[in-house]
Amino acid sequence: MGAATSALNRRQLDEFEHIRLRPNGKKKYQIKHLIWAGKKMDRFGLHEKLLETEEGCKKIIEVLSPLEPTGSEGMKSLYNLVCVLLCVHQEKKVKDTEEALAIVRQCCHLVDKEKTAVTPPGGQQKNNTGGTATPGGSQNFPAQQQGNAWVHVPLSPRTLNAWVKAVEEKKFGAEIVPMFQALSEGCTPYDINQMLNVLGDHQGALQIVKEIINEEAAQWDVTHPPPAGPLPAGQLRDPGGSDIAGTTSTVQEQLEWIYTANPRVDVGAIYRRWIILGLQKCVKMYNPVSVLDIRQGPKEPFKDYVDRFYKAIRAEQASGEVKQWMTESLLIQNANPDCKVILKGLGMHPTLEEMLTACQGVGGPSYKAKVMAEMMQNLQSQNMVQQGGGRGRPRPPPKCYNCGKFGHMQRQCPEPRKIKCLKCGKPGHLAKDCRGQVNFFRVWPVDGDKTKKFSRSHSWGGTKCAPSTEQLYTLRPSKEAPAAVCRERETNEKSEQKPPSEQSRLERGIFFELPLWRRPIRTCIIGGTAVKALLDTGADDTIIKDTDLQLRGSWRPKIVGGIGGGLNVKEYDNVEVQLEDKILRGTVLIGATPINIIGRNFLAQAGAKLVMGQLSQTIPITPVRLKEGARGPRLKQWPLSKEKIIALQEICKTLEEEGKLSRVGGDNAYNTPVFCIRKKDKSQWRMLVDFRELNKATQDFFEVQLGIPHPAGLKKMKQITIIDVGDAYYSIPLDPEFRKYTAFTIPTVNNEGPGIRYQFNCLPQGWKGSPTIFQNTASKILEEIKKELKQLTIVQYMDDLWVGSQEEGPKHDQLVQTLRNRLQEWGLETPEKKVQREPPFEWMGYKLWPHKWKLQSIELEKKEQWTVNDLQKLVGKLNWAAQLYPGLRTKNICKLLRGKKNLLDVVEWTPEAEAEYEENKEILKTEQEGTYYAPEKPLRAAVQKLGDGQWSYQFKQEGKILKVGKFAKQKATHTNELRVLAGVVQKIGKEALVIWGQLPTFELPVERDTWEQWWADYWQVSWIPEWDFVSVPPLVTLWYTLTKEPIPGEDVYYVDGACNRQSKEGKAGYITQQGKQRVQQLENTTNQQAELTAIKMALEDSGPKVNIVTDSQYAMGILTAQPTQSDSPLVEQIIAQMVQKEAIYLQWVPAHKGIGGNEEIDKLVSKGVRRILFIGRIEEAQEEHDRYHSNWRNLADTFGLPQIVAKEIVAMCPKCQVKGEPIHGQVDASPGVWQMDCTHIEGKIVIVAVHVASGFIEAEVIPRETGKETAKFLLKIIGRWPITHLHTDNGPNFTSQEVAAMCWWGKVEHTTGVPYNPQSQGSIESMNKQLKEIIGKIRDDCQYTETAVLMACHIHNFKRKGGIGGLTAAERLINMITTQLEINTLQTKIQKILNFRVYYREGRDPVWKGPARLIWKGEGAVVLKEGEELKVVPRRKAKIIKDYEPRKTLGDETHLEGAGGSDHQMAGDS
């Protein structure tokens, strides 16, 4: 058999020859395969005898397994053969090669892992350096075989920790997918879900992964349907989609599917594939940059470009072939021109190593210097050969710029290309990897001395900041240069102060600014001769044309290299050169140079420095536009005095030098008036620009910060620092496309010349977009800084920053300085004089300490005469103080302002107001202080009744006051204290949500029985939180009781009043069941007053208990609300009478229906006053309401009933009487705006959409609250109604991809609000409530919830009138749509008509006049307008022609007053 065949005995050989090469194949293994395997062992350094034993086969597998995935076909065949031999040695029955491979993978689970498990700790670390440990840290992860069972091995904490750290550091970058693949190798779905569950802070990304899992699971269920019928006993079921995801399967089932099922289903690998699809989608969302957009910058190193390119490639969701094609084509195609030339020279398909080696240093200074040197050397050698200058001089050997050796050039250097850091100059790393100090604003001395760090003295616009030391270096800026030079500031780190005597001339010298948009040429005096020369920091020597300068004295011949080759020059030593105001001495070269050059030998002596600033160009620019159809301001500059013109010229000159303004010419068609006022110190002027016209035309902005932060909402900190951003607006650049609209003109005195025109380059003061853009930009900058400085708590309002921390003093100061440095890097200066480091800190009108806060001092002044303006300021002070001083009142002081309009009107004080003023003055004498918020402690709000309709409340934590406030708002003329108390609670709740984000526990001065008695009938409050009822006097009580049932045994008073609308005369009276009656004549009254007078008369003449029947809905509505105070004297008298009664029954009956005593009293008081009209169809209206529960407006319009009758029909309904009808307000909404929300009715989910402007609703029951169902419902709305804007909350179904895709497809703008925020989703929340109320009324009439929802929609849309126009919601919606169409059609017709001109004749005058503007065209005549006069001309005397006059463009206008006046006039007429 031979040596190789001895690997198997005869029995084993028989088994070996029965094993097939492939499943279901014909060929089987033969002896020749063993002989071939023995010959191949030498290739891998293995002995053929290893095939004879089980251990030997395992060693062979250990060597071949790493090579098998990427090996050749022969190597894979050898690996398969060894696996078959191993199974034969282990006496395991296998049918084919695939079964043998599966057994080897399952049982052995890679031999190298067994070695890892038995290797000692010292060797383990050594061996693991080259391989990746298993996720579980076990050799048999994820399972171990114990007998015939498989036991799960959980993931190790080390693996989970590595996964969490990877996600936190990479933030779902492209590296996450391979990291997950490596860590989840061999995991079960249970293990993978454990890896996902530890990512608690990335719910958005996990939701995306979850959606992918659901889609893939559903697809799996479709392609793998379960078998019909029950499974045989003991048979393992097939996994479904949810089983693979691990939601409906156990770990043991997952192991059985992977290892013992027939056929086996690797659910772990399938689930990994689904997760990888989701992660790839997350990577794409978190890395939106496409590989097509990755291009190499002009000076970007090729290595950095390659890093960015492959990072984008890894984030692309594409196949391997597509990525390979992208790499081969785009990597070279998107390189910069320098690298592209080199890469194309490498031939087809170069390797990445070859490309990186070839493009080292391309674009850097060393590369450019090498190219320049080689070019100059070639040119110089040619020139010297032509001139004969090279005779007798041996040519030096070439020197390599890469290795520094002689004998070869850099391009021939065999050594790798060396790289140097552009920051520190050291080799071995690039600038981006440099660990040295990153100075964003550096000054490089020309003479090569050590660089010093300078602070920026200018922000984006050039605003100066105070230096950190007292040592200042003088600046003399050039008139033509921008602010690019800064004062030097000595740094505390790695530097020491030198005495003045040791300072070099450079350090204490001055230097000037030079613009770089043209050549920096200066006139200097050399040897007494004035010469214009170029200041060149790149030139070593100073060289002057021989035609411009002749020097006396000795000289030496010299050849210097230039761009054009070598030059023969004369070298003069010790030549005096005067540059600016400095006298310098040095070497000057005279020769045939193309241009005079002052080199570094003189510039260094002059103290010249290159100042390179990291200005605010990194700040993102916010795009701004005008409103649709609006144009920029074109206002004439009004006259200014001479001193103001001079002041404006000086201010603008400074701003222009600092880069905040730019000059513009007459081609800019826009202008805004400018003026100036004196500052408070009267020594300086302040420039003001009247941007009112521009503000009208500018797009609307949303104030990103709705209010100022309150100290009570801040957490207590050990250390506090207050920082102010200097010249905040001037630090932020303005959109370049919008700058033209900010143009203004500085006139000249007596119009001696054209005015100087400027435009703003930064955010201007007074423009409405400046606050929003600054807040938004500064917020984004602070977000980046907060990620770095997590120890600091930063609170921002505009340019004021509150910075707190729990660190010690020195550490806190260091963090604050780091914060200031980061802001400075972004161009936001924080002047030292505005930094507050010691308490008390003055911030936003408060005084702050680390443990408490106070208000800044408030003093109430005493004046002889008070004007309206003075009182307004006084009320403002008291309202500001009311947030910390309890008990302050302003009601009587505010009454003094009623009816006053002029700010300078003198106000007379009332005794009540003076008493209130003195009381407030005493309260303010006692200083109050507040504490800071502690999140772990409960928040409580205590309310006190002050009397006179005013209330006070305090927010507390464990007895310490956080904040106080007052409430005195009264919406209605007649009200009671319980209604006001509900308003107080609402205000407190909203204030707590804004400041702390949570509702407090309320302590209210009311008894529970009193509140519940009133609340049972009170329906106008839509939101009342939970509270504690505290018996603290003075209590809120109900002063009288209205019974709901008639009082037996008491007389019934039928009351009524009547009034004549013309004469204003009327009668009021009553008649009782016992025949008692009384009528009173009234003068100058109304129907309502007469009705109330009648009730007052009945109360006066009745006993302690009384039954009163009225037909006045007005009086009924007032008295059933149980008011305790009123601005009406008559109602106050009625309240006083009702308080004295023990019990009162008040009932309403419809008028003029012949009802007993009501008809009699009606006739009695109406005699001679009004006409009585009895009404029918009430029964029909009641039947209609019983069926549809229509509101009173629909009943009044449909059946012709008075409002009071229709309202009473609704009030008498037992289902509609509980809470009445909601009070409708006005909603400012566009016709295309809808709101959508989900609510729950009877345990089912109902999705509701409301058209905000009309109140029309669409609703239906959906099976699940998912994005898919929501998108389906939205598609129905889009298909039925015109919708342009959808507003929802930020629930997961509304923020899902399905809804986003549907909004994109339907061109619907989607915005979200915050749940439970009083300012969000007001319309839809109200409609949800109304829909539930309607369903509650009709629920007994229908069987299913779905039917009830649709019936309720019909009733709401078609059976209830009211609101805008008194229409139903459906009528209102259709009316709005048709109105919009009509308006658009009419505007089109008007625009077409206005395009025509009319020539006409008048009377007998044969001369044609015109052209006039056509206003209207009829059948027999036309209406036209000429000048200001409208004329009607017969059709036969008019000729209508189209206006073909060419339109003037913006540049055609003359920008002079009066130019284009006719056009402006016509525009105004239209």
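Don't overthink the numbers, they just go from 1 along the chain as shown.
Note: Cβ is positioned from N, Cα and C throughout, glycine not excepted.
What Swiss-Prot annotates here:
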type: COMPBIAS; residues: 122-144; note: compositional bias 'Polar residues'
type: SITE; residues: Gly229, Pro230; note: site 'Cis/trans isomerization of proline peptide bond'
type: ZN_FING; residues: 398-415; note: zinc finger
type: ZN_FING; residues: 419-436; note: zinc finger
type: DOMAIN; residues: 531-602; note: domain 'Peptidase A2'
type: DOMAIN; residues: 658-848; note: domain 'Reverse transcriptase'
type: DOMAIN; residues: 1047-1170; note: domain 'RNase H type-1'
type: BINDING; residues: Asp1056, Glu1091, Asp1111, Asp1162; note: Mg(2+) 2 binding site
type: ZN_FING; residues: 1176-1217; note: zinc finger
type: DOMAIN; residues: 1227-1377; note: domain 'Integrase catalytic'
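Locations of recorded Swiss-Prot features on the structure.
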residue : record                                                 : DSSP (3 states)
Gly229  : site 'Cis/trans isomerization of proline peptide bond' : coil
Asp1056 : Mg(2+) 2 binding site                                  : strand
Glu1091 : Mg(2+) 2 binding site                                  : helix
Asp1111 : Mg(2+) 2 binding site                                  : coil
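The Cβ neighbour count for Gly229 (site 'Cis/trans isomerization of proline peptide bond'), using a 10 Å radius over every protein chain in view, is 6. Across the zinc finger (398-415), the DSSP tally of helix, strand and coil residues reads 3 helix, 2 strand, 13 coil.
Note on proximity: among Asp1056, Glu1091, Asp1111, the binding-site residues of the record, the Cα nearest Gly229 (site 'Cis/trans isomerization of proline peptide bond') is that of Asp1111. Predicted-model confidence for the zinc finger (419-436) is 65, expressed as mean pLDDT. Note: the CA-CA distance between Asp1111 (Mg(2+) 2 binding site) and Pro230 (site 'Cis/trans isomerization of proline peptide bond') rounds to 75 Å. Using a 10 Å radius centred on the Cβ of Pro230 (site 'Cis/trans isomerization of proline peptide bond') and all shown protein chains, the other Cβ atoms total 7. Around Glu1091 (Mg(2+) 2 binding site), a 10 Å sphere centred on its CB holds 25 further CB atoms from the protein chains shown. Note: the CA-CA distance between Glu1091 (Mg(2+) 2 binding site) and Pro230 (site 'Cis/trans isomerization of proline peptide bond') rounds to 81 Å. Note: the zinc finger (1176-1217) comprises 29 helix, 0 strand, 13 coil (DSSP; helix = H, G, I, strand = E, B). Just so you know, the Cβ of Asp1111 (Mg(2+) 2 binding site) picks up 25 other Cβ atoms within 10 Å once every protein chain is counted.
Each residue contributes its Cα atom, and for Pro230 (site 'Cis/trans isomerization of proline peptide bond') and Asp1056 (Mg(2+) 2 binding site) those atoms are 82 Å apart.
Summarised by DSSP class, the composition of the domain 'Peptidase A2' (531-602) is 3 helix, 43 strand, 26 coil.
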